[in-house]
């Protein structure tokens, strides 16, 4: 046993001396009880006692790696030595569990977002063909909108189209998640879908306000009251966007042009709403 060669002529005692140099006194005490050959040398002409005197952390690491490469993992009772600390394995397991929990949460979030986005698409698509004020029933312009010349009606058509496109974009973002995207990409798509859905809600509110304003020109006070009620929706929406932007920057490195695109849509909707009521 003491003369069995393992790696580069090293016996088990060579390896023990390399791994645990502080056991030198105990090994010396054992010489009187058990016949241990401490003079056998390895391929580097090093005896067991010589290796115990020379052993250090760098040499220990090299010997472990040589043993692992020569013997192989989990063969002949030799336990494979981890090259990385156990803490790193625990951290990886913890990160993996957190990723799985995040994926489950995103799946639930995706389902609720899809329902809201689908409802917005349905409402805006129906509103596009149920025009406020009705259509001309006869003559050369039969089937065209009666209020097509009014600015409020034109704003209604535009914002209704914007709401439908944004909600479809949200549905498309959630559709892309079904192709097995990474966790970081999934987070971005969920946030993109949430932003698009919120923007679609804002556009739908403006479409409602402008549509009612177009048909309530004879009752100005009612039209103005409806306008201010609809406009109040954007107050909590603004603070929501501010909070959501901070969450995006914490979760992922969102491209700046995407945030600019969201703010551009939001500001354009607000500008159109304000100009309409000046």
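Keep in mind that glycine also has a Cβ here, set from the backbone N, Cα and C atoms.
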Choose the correct range: of 33-57, 58-82, 83-107, which one does TrEMBL annotate as region 'Disordered'? Give that range. 83-107
Ranked by Cβ pairs within a distance under 8 Å of the transmembrane segment (220-241), the first of 112-131, 151-177, 189-214 is 189-214
For the domain 'PGG' (104-215), report the average pLDDT of the model, please. 83
